[in-house]
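**Student:** Look at TrEMBL and you will find Cys28-Cys34, Cys349-Cys378, Cys428-Cys450 tagged as disulfide bond. Residues or ranges marked as domain 'TIR' by TrEMBL: 592-735. The signal peptide annotation in TrEMBL covers 1-18. TrEMBL lists 542-563 with the feature transmembrane segment.
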Amino acid sequence: MWRVWAIYLVLAANLSEEQVPKQACPSCDATQLCNCSSMGLDFIPQGLMGKITVLNLSHNRIEHIRSQDLQQTVNLRALLLQSNKISSIDEDSFHSLGKLELLDLSNNSLARLSPVWFEQLFSLQHLHLQGNSYRDLGESSPFSSLRNLSSLHLGNPWFSTIRRGNFEGIELLDKLWIDGGNLSQYEPGSLKSVKKINYMIINLRNTNLFSAIVSDLLHSVEWLEVREMKSEKAKPRLAQNSTRPFRIRKLTFKDSSVTDQYVSQILVLLKEIKSLQEIEAIDCVLQGTGSWNMKEITRSGKSSIQTISLVNIIIPSFHLFTDLDGIQSQVTNLKSLTIASSRVFMVPCRLARYFSSLLYLDFHDNLLVNNRLDETVCKDAWPSLQTLNLSQNSLKSLKQTAISVTRLPKLINLDISQNNFGDIPDVCEWPQTLKFLNLSSTQIPKLTTCIPPTLEILDVSANSLREFGLQLPLLKELYLAKNQLKTLPGAVSIPNLVAMSVRRNKLNSFSREEYICDSPQTVRGAQVGAVHLSLMECHRSLMVLLICVLVFLVILVLVGLSHKYHAVWYLRMTWAWLQAKRKPKRAPAKDICYDAFVSYSENDSDWVENIMVRELEQACPPFRLCLHKRDFVPGKWIVDNIIDSIEKSHKTLFVLSEHFVQSEWCKYELDFSHFRLFDENNDAAILVLLEPIQSKAIPKRFCKLRKIMNTKTYLEWPLEEEKQEMFWENLKGALKS
């Protein structure tokens with residue numbers, strides 16, 4: 001009995017195996033890179049070769065990964081399975097992938113993660129598990145065997161729990177991304193086992209977990225980015241149970257919302273983290289008016305933070321925002337401040353004076369106007385500032401802008417691009433220390449001595465400049481792109497220039513004596529005026545392009561002429577002539593099918609078909625006529641039809657008229673009949689003139705035909721009815737001869 005069952009099971013297994021539809025990936029054949037993405041596959045294709053190193057199966061409908069699916073792909077380095085419907089994976093499906101470095105299982109339907117899947121992936125560096133449906137990582141660590149893991153991305157909208165031990169085995173990570181938007185439970189110490197994380201992103205709406213997570217990361221993470229957090233009140237301490245020394249250098253808040261109370265508390269708490277040097281907020285909302293607890297902030301001591309960057313900050317009650325009086329203890333050590341795309345229109349003078357150590361200030365893409373800038377950059381404000389970015393604001397007066405920045409005694413770099421100055425004065429006052437000035441896209445029509453002579457770098461791109469004649473003896477870099485220049489600047493006025501950008505101008509001349517050749521290599525260092533290069537040497541790429549264009553045009557012209565003058569047709573016709581010349585002069589009598597082949601113009605078809613054909617084919621005995629409309633073989637090349645019809649006809653009857661000599665097809669028929677009819681046997685041709693026609697109207701290349709018309713008698717269709725009877729008798733006699 002057991003033998004029967006064994007046979008049954010074997011047969012059932014074989015049958016089920018045969019019933020699986022064989023899906024294949026056409027790009028997998030004999031290649032190391034196999035792209036099977038978006039092919040509607042329901043499972044991993046069979047027969048994958050061992051030489052494959054990259055297998056892309058993303059965006060299909062795969063639901064299950066079987067043990068044997070990837071068994072042969074032992075050299076696989078990257079396996080992309082994202083955006084399928086994978087809900088189950090056999091435990092040993094990945095066991096043969098010891099060389100795998102990238103595994104992407106994101107955006108599938110995995111309800112759990114098994115440590116067994118990954119236990120043989122000793123080379124794995126990048127693992128993507130986000131966008132599935134698992135709620136936790138299990139009771140232990142799924143990643144304990146992944147000693148070479150460099151980046152890990154996990155989490156999903158249902159991910160709710162992180163337990164101690166979930167990250168055991170991971171020591172060093174370049175990037176960790178946890179999508180924990182709905183994380184509700186975090187066991188303290190869960191992330192402490194990771195010794196080093198260069199960059200970590202965590203989506204975290206539950207602010208109650210923020211302190212515990214940050215506390216576990218202070219010793220390991222260098223840059224922490226927190227997203228989607230909505231905070232009203234911070235926990236009392238961040239570094240209370242943290243392992244020291246702290247490693248965190250940068251903290252970023254993105255797509256988050258905070259209150260005045262939270263800002264007050266976090267400013268105090270972050271002072272405990274002495275390693276923290278940079279705070280960044282991007283696309284955040286401040287629900288408040290700046291009513292921060294300045295007494296508590298001041299009492300907690302000075303901040304060690306040196307860089308603050310605020311980009312696209314929205315303050316709904318901005319019109320009620322305070323001047324932040326009392327914040328000086330937090331900004332005196334600040335070295336870099338960026339407030340961009342945040343609708344800032346001024347900084348109170350008293351607050352600006354507190355930034356005594358600030359070296360870099362970026363106010364680009366805001367609402368600063370000249371009178372507000374005058375207050376923002378007041379006397380004794382920003383005393384150490386070296387770099388100022390005021391691009392994309394609403395400044396209108398270049399002269400007033402220059403006066404304002406003269407209050408910055410250490411200013412070196414100034415960017416005032418993308419302001420609408422429109423005009424430029426003859427004289428301006430600038431800081432004596434200024435070396436870099438960006439005036440690009442400011443709509444200035446010319447350059448005057450308003451430009452400071454101390455500059456080493458000047459950018460005046462994208463204006464309406466027509467010339468450049470400034471004396472700038474220290475200038476090293478000059479950017480003049482996208483202007484209206486017709487000649488290059490003279491080198492005498494800018495003797496120390498090293499680099500110049502002049503693309504997208506209208507240049508047509510420059511001083512040859514002042515410029516030195518850089519290329520070709522054979523003339524490098526020589527004055528331009530002393531070098532004489534051929535057009536090919538100067539514009540090699542252009543010449544190659546021109547030659548290609550000329551060749552293309554010649555080919556195009558030849559094709560056009562061939563089409564116009566039927567060159568291809570004549571070539572084929574010549575070949576047909578050669579073939580015809582090799583045949584006997586006359587076809588055997590048994591092959592003659594017609595009394596005459598009729599060549600005529602379509603414009604004369606009414607006379608031919610309704611008068612001549614009826615008269616001849618209804619005669620007694622009837623004549624057999626070959627007409628192209630009626631007797632040509634359908635689908636056969638017309639040249640072959642003409643030759644065959646002439647050869648199978650006793651005579652060839654030409655119905656000549658003005659239409660005939662103007663008809664291309666009639667000319668072709670004359671061409672084909674010319675050799676056989678007019679070489680030695682000109683009596684095979686019967687000429688019928690429907691209307692008077694001069695022999696000179698016949699194409700000159702048919703010299704023998706012209707000669708026949710001049711020497712032989714031809715039949716002329718009479719208009720008088722009494723003469724038409726004689727015409728038919730003569731024609732019938734000619735056909736019978």
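Glycine is no exception: its Cβ is also placed from the backbone N, Cα and C atoms.
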**Student:** Same chain, outside the transmembrane segment (542-563) by at least 6, Cβ under 8 Å from its Cβ: which residues?
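**Tutor:** Residues 535-536 contact the transmembrane segment (542-563) from elsewhere in the chain.
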**Student:** In Å, rounded, how far does the Cα of Cys349 (disulfide bond) sit from the Cα of Cys428 (disulfide bond)?
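**Tutor:** Cα-Cα, rounded: 24 Å.
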**Student:** Between Cys450 (disulfide bond) and Cys34 (disulfide bond), how many Å separate their Cα atoms?
**Tutor:** 62
**Student:** Distance check, please: Cα of Cys34 (disulfide bond) against Cα of Cys428 (disulfide bond), rounded to an integer number of angstrom.
**Tutor:** 64
**Student:** Find, among the disulfide-bonded residues listed as Cys28, Cys34, the one whose Cβ has the highest number of other Cβ atoms within 10 Å in the structure shown.
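**Tutor:** Of Cys28, Cys34, the one with the most crowded Cβ is Cys34.
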**Student:** Any idea what the Cα distance is from Cys428 (disulfide bond) over to Cys28 (disulfide bond), rounded to a whole Å?
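**Tutor:** Checking the Cα atoms of Cys428 (disulfide bond) and Cys28 (disulfide bond) gives a distance of 68 Å.
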**Student:** Identify, in sequence order, the residues in the chain of Cys378 (disulfide bond) that are 6 or more apart from it along the sequence and have a CB within less than 8 Å of its CB; answer 'none' if there are none.
**Tutor:** Cys349, Ala352, Arg353, Arg407
**Student:** Looking at the domain 'TIR' (592-735) alone, can you tell me the average pLDDT?
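**Tutor:** Averaging the confidence scores along the domain 'TIR' (592-735) gives 77.
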